[in-house]
Amino acid sequence: PWAVDENYFKAWRQGRTGYPLVDAGMRELWATGWLHDRIRVVVSSFFVKVLQLPWRWGMKYFWDTLLDADLESDALGWQYITGTLPDSREFDRIDNPQFEGYKFDPNGEYVRRWLPELSRLPTDWIHHPWNAPESVLQAAGIELGSNYPRPIVGLDEAKARLH
């Protein structure tokens, strides 16, 4: 079910998907060559299950950017995320980046560090700015679709495409 969408691939690489935790992770990767294991799972799951891009593209990008890239480990990790290994995750299980954000970055410190354009956004909205009232966005200096993207794919839409 892979999509071949270069625009999605570019947005993911640049940290411009509209999902703050994913975007923060991808910007950290580009800036430092490193990602915490949990963020690796979030961004790779998003790549495969939400954007539905070929997992080998993501693995190759990790290989080219991670300082600790390891071919065998990375290949198994990407195959685990896609659900192609015997003990893999269910293919239709989508990790919600909003929930993952509140679980692993409850105060939004990680997102604010890597996405300075969201730094003034209140914690209540940091992992889902598209739901924030317009007055909150204006006070934080955020114009969705201009200085921070709207989500490029809806999670419900992605889940429906997996079935």
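Placed from the backbone N, Cα and C atoms, the Cβ positions cover glycine too.
Automatic, uncurated: that is what TrEMBL annotation is.
Within its own chain, Trp2 (site 'Electron transfer via tryptophanyl radical') has Gln52, Leu53, Pro54 as residues 6 or more apart in sequence whose C-beta sits under 8 angstroms from its own. Among the features that TrEMBL reports, site 'Electron transfer via tryptophanyl radical' is placed at Trp2 (among others).
The annotation domain 'Cryptochrome/DNA photolyase FAD-binding' is assigned in TrEMBL to 2-161.
Secondary structure at Trp55 (site 'Electron transfer via tryptophanyl radical'), as computed by DSSP, is helix. Residue environment of Trp55 (site 'Electron transfer via tryptophanyl radical') contains 20 other Cβ atoms, counted within 10 Å of its Cβ in all protein chains. If you look up TrEMBL, you'll see Trp55 (among others) marked as site 'Electron transfer via tryptophanyl radical'.
TrEMBL lists Asp68, Ala69, Asp70 with the feature FAD binding site. In sequence order, Trp34 are the residues of the chain that are 6 or more apart from Asp68 (FAD binding site) and have a CB within less than 8 Å of its CB.
For Trp78 (among others), the entry in TrEMBL reads site 'Electron transfer via tryptophanyl radical'. Listed in sequence order, the residues of the same chain lying 6 or more apart from Trp78 (site 'Electron transfer via tryptophanyl radical') and placing their CB within less than 8 Å of its CB are Ser44, Val48, Trp55, Arg56, Gly58, Met59, Phe62.
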- prompt: Are there residues of the same chain, six or more positions away from Ala69 (FAD binding site), whose CB falls under 8 angstroms from its CB, and which are they?
  reply: Phe62, Trp63
Query: Including all protein chains shown, what's the count of other C-beta atoms within 10 A of the C-beta of Asp70 (FAD binding site)?
result: 12
